[in-house]
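Report on one structure; see the data block that follows.
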């Protein structure tokens with residue numbers, strides 16, 4: 001959209017808004033003017049005050065619709081002007097005319113202020129949200145407070161004309177205007193909500209919802225709206241006792257319990273017209289005081305009572321219906337969610353088992369039943385079904401063959417606060433073969449029952465595949481130690497999993513030995529494959545004492561494979577001359593080799609090149625050192641460094657000086673394995689014997 005189009009669109013929106021506001025103000029002004037002129041047909045004798053004043057309800061609705069709109073002061077100014085016009089044209093005195101205009105504006109302002117503070121949702125909806133149960137008594141307070149605060153102003157005309165202070169006029173003002181507000185505003189809010197929904201296209205659906213909520217038909221609505229006024233006419237014209245009138249309250253109860261809220265307000269309005277009309281005509285049961293003001297005031301109070309009863313019952317019923325609808329929707333949503341979860345759980349290939357905080361079984365899917373009970377096909381129970389006592393007959397063993405007691409089962413350990421991740425156990429259901437099952441648990445929060453979810457995977461085939469890979473990898477490690485008189489050579493390898501990415505190698509050459517230790521980034525089968533590839537290429541390019549050239553050729557050969565795998569390899573390769581102890585080495589980013597003296601003083605052989613796979617065309621350098629008699633060359637993988645918290649010196653600081661190479665690697669491996677090991681451990685040791693004295 002271009003800038004001109006956007007500006008044109010904004011101007012069109014503003015134009016529509018202004019037009020709608022003008023039409024709204026004009027409509028309310030006409031309604032206020034018309035109702036005010038009609039009400040001036042029945043004045044209280046000796047005053048300028050009408051016996052009825054529906055304009056109070058129109059003005060209250062007017063200020064609600066214009067809430068938060070710009071130029072709200074125009075509304076109050078129009079109320080003053082229109083009231084003064086009506087009073088002046090109907091014979092009011094100048095003082096009474098001005099006082100009536102100001103009093104009606106003050107009344108509207110007080111009503112607006114109370115509604116804004118006590119019922120902000122109604123206020124800011126601008127006449128499009130019907131009353132709800134929490135709003136009723138605040139609305140009633142506003143309906144009473146507005147006439148009460150403005151009532152002293154209506155005494156001005158009487159005081160200036162010599163009539164004195166008239167409590168009857170004050171009571172009349174409060175009663176008639178309160179009744180007008182309580183009858184017209186709820187009906188107006190219902191109408192405003194209907195018009196808003198009509199613009200949104202949801203009026204028809206809402207009509208159906210109303211019919212369901214009140215559990216009555218439009219036929220009954222019409223019957224009540226016709227019967228109630230008719231009974232009031234007959235009753236008021238025939239009854240002579242005031243007490244006999246109050247059984248008619250049952251009609252308001254009927255309307256409040258069976259009619260929609262808007263029609264309940266309409267019922268109150270129709271009854272008010274009938275009651276006030278008959279009373280103003282000088283008929284009905286309220287004609288016993290001899291004062292027209294008091295009689296009409298009592299009639300107004302009667303209509304207020306009828307309106308309050310009907311509204312309270314209707315709003316309470318609507319609240320219950322709304323709550324019932326929400327509960328049904330929540331129940332249906334919960335059922336649908338449960339069905340979705342059940343479908344998801346059943347479709348998962350892994351076993352899922354859920355227990356409560358006491359260990360009682362809540363959920364077990366088909367895969368879990370197969371793994372734990374050996375059930376299949378139609379024998380498998382549903383997600384929430386159980387086979388009584390079946391799981392107690394399942395045998396659990398560790399991979400070493402030790403039985404697992406009930407209190408050490410994964411879910412029991414999780415309930416005790418332990419976190420279980422990828423714990424492999426041998427599971428043997430009754431009458432079935434043994435399987436390797438991996439268990440992972442998660443503790444449910446207290447709000448969800450504080451139980452445990454256990455996920456089970458059948459890893460039998462996977463573990464068998466890894467065992468075969470481990471055997472292959474073990475077969476790649478050198479088994480025969482080169483014959484090196486005066487030297488002692490040993491190595492140990494312990495993968496973090498079944499297979500790993502570390503390897504060591506040695507190759508005896510005339511006059512010495514070539515030692516290699518490599519560490520592929522990562523763990524597991526992928527790293528093991530790259531380790532095997534690296535070993536093969538080192539062997540293929542080796543065969544001589546130029547260790548730097550061998551590393552360079554290997555780096556170039558496997559550059560593509562390492563790039564595709566997103567990996568690299570650190571490697572230490574050295575040639576040791578058995579006669580002199582001279583060491584030539586090339587270190588590709590490894591940096592974990594040291595020569596240890598009999599006093600445990602160490603000389604670190606620093607890395608002099610980048611790891612394989614980082615920069616294949618970079619020249620490889622050769623470093624030199626010498627292993628003196630009694631000294632030992634130690635080469636580690638980074639898993640050993642991690643096991644000693646990054647302090648490599650701890651690996652040898654407590655070693656006896658005269659240990660053989662095999663004993664040294666065993667001692668270091670044992671010390672490194674004491675903590676949590678999450679990486680491969682590899683150690684190579686080459687010790688030169690002490691010269692005889």
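Here the Cβ of each residue, glycine as well, is placed from N, Cα and C on the backbone.
Straight from TrEMBL, the features:
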- 484-688: domain 'PPM-type phosphatase' (DOMAIN)
- 21-39: transmembrane segment (TRANSMEM)
- 51-69: transmembrane segment (TRANSMEM)
- 76-96: transmembrane segment (TRANSMEM)
- 102-124: transmembrane segment (TRANSMEM)
- 136-154: transmembrane segment (TRANSMEM)
- 174-195: transmembrane segment (TRANSMEM)
- 266-284: transmembrane segment (TRANSMEM)
- 296-315: transmembrane segment (TRANSMEM)
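Most Cβ pairs under 8 A with the transmembrane segment (136-154) among the ranges 21-39, 51-69, 76-96, 174-195 are made by 174-195.
Pairs of Cβ atoms less than 8 Å apart link the transmembrane segment (51-69) most often to 21-39, out of 21-39, 76-96, 266-284, 296-315. Contact between the transmembrane segment (174-195) and the transmembrane segment (296-315) holds: at least three of their C-beta pairs are under 8 Å, each pair 6 or more apart in sequence. Of the recorded ranges 21-39, 76-96, 266-284, the transmembrane segment (296-315) has the largest number of C-beta contacts under 8 angstroms with 266-284.
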